[in-house]
Amino acid sequence: MTKKQLAYLIPVLAGLVFCFYYVRTACLDVAYTDYVRLILSYLPDVMNPDKFLVPDILTRVPVTYLARIVNVKFFGYSTLFDISLGVLSLGLGGFAMARYMQRQGGFAMWILWVFLSVLYFGLNQWEMITNGTGWVCFLSISGFIGHFVLIDRIAASRGEVSGKDVFLLCLIPLVLDTLVAGPYCGGYSVILVLTYLGLMFREIRKKTYARETGHTRRNRFFAWFLSAAAAVGSLALYLWSNHFAVYEHRGATDRALLDVAKETPSFFVQFLLKAFASDVIGLNQVTGFMNRSENHMRMVYALGGLVILAYLAAVWLNWKMKITADTIFPLIMVLSGGLNHLLILVSRWIFMNPDYGMSSRYALQYKMGVIGIVLTFAMAARIRRSGVHAFLLTMAILVFGAGSLWTTYKELETAPYRKAYLERARKVGLNYRNEPDEVLAAQFQHSGAKVREALRILEANRLNIFR
């Protein structure tokens, strides 16, 4: 490993160490909330093929079956095992971006990478880190980022696309869509198809028609075409499996979208503005700020509006300054973040809560867009050293950086209280036979009767808190 490679890996390693420090401060080995559903569905017989070989298997994220088997057989169903998988999976995305930033070269890019690492490993996503059931979400996003980095490398090259690269471009979405991504594969596939269509269009527009160049151009066109077909085919497999799934949305409205839009059109605007504001600061900080006064609420909406403008500016700069001629990764990340915002609105408006889009569960999906915005402004400033581009980059670093650091600082303050909450849950769980359903429901954030049954399964098999 060269010194340059090590320099780009150090921020990732530091981010991993920081996240594990946070886990030690905030987490305890207690199965609660989403774990209750998993315990009732899959434990104790995690090797039972009848629970695995079901028509909607792809919606259940097959890779989690393997992780659950390992966890139960070797770690006594430890939530800390899942949490550790989540942190390590988050690190994989960091390593992929480190590779990308290393290719960009220069000391300024290394400094920018240090800043982006602070954003990437920030605690806006505390809920996903502490909720071990979400570890596969980190793996999904990291897989997407790694795939985008690979596409960027191939797109930036000038020669033919090798058979190995075509194989990887076709294999990665198949693996991610069928084994890892679950419902995340929808937005991922849309981004892939849009990217490949853009790259095919770029090959068509090339004006050089020499024999060798023409052959290379055709090679690259068909490489992108095959990759797009693989992305569509992988998504089709998931949708086929999803056809058999039955979903239950507790607390969802049965009203039609158009009816809600007619009666309360401001709901969707509020949802989006608050969600975009959470790109800068975390849910707890946003809600605490909004509750101070009506003016503070307006400031949150204004912040969300500014973030939307930053997204639009990033897309425009990628087109206007032809940044995609050198690197398409920033634009892919911007589009991914923006699409995630829209998909979350479409899938979560049914709960009629305008704050739903601010959940820290979605923070990493949003961070893709933030990273793309900062990278776009940096590339624009490098291409044309003007005051406007330098100002945009500086403001993006200050706003997103300050918001991330503030959120992380406040979450570190909150971490001991989260651990204390889990300590109380552990005590209640160990005494579950004598606790009323109301106490179990309040402490484990699930139906009291189901919590009792889940704890009975854990106790009978000496798992988790009963080890």
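From the backbone N, Cα and C atoms, a Cβ is placed for every residue, glycine too.
TrEMBL tags one of the stretches 58-73, 186-201, 266-281 as transmembrane segment, and that stretch is 186-201. TrEMBL lists transmembrane segment at one of the ranges 74-95, 426-447, namely 74-95. Beyond the transmembrane segment (107-126), the same-chain residues lying 6 or more positions past its ends with a Cβ under 8 Å from any Cβ of the stretch are 7-8, 11-12, 14-16, 18-19, 22, 26, 90, 93-94, 97-98, 101, 278, 281-282, 360-361, 363-364, 367, 370-371, 374-375, 378, 382, 397, 400-401, 404-405, 407-408, 411-412. Counting same-chain residues at least six beyond the ends of the transmembrane segment (132-151), those with a Cβ under 8 angstroms from any Cβ of the stretch are 34-35, 38, 61, 63-64, 67, 79-83, 85-87, 89-94, 96-97, 99-100, 165, 168-169, 172-173, 175-176, 180-182, 184, 188, 191-192, 195, 328-329, 332-333, 336, 361, 364-365, 368. Taking pairs at least six residues apart, the transmembrane segment (186-201) and the transmembrane segment (221-240) share three or more Cβ pairs below 8 Å and count as touching. Away from its own ends, the transmembrane segment (388-409) comes close to residues 115, 118-119, 122-124, 279-282, 285, 306, 310, 313, 317, 370, 373-374, 377-378, 380-381 of its chain (Cβ-Cβ under 8 Å, at least six residues beyond either end).
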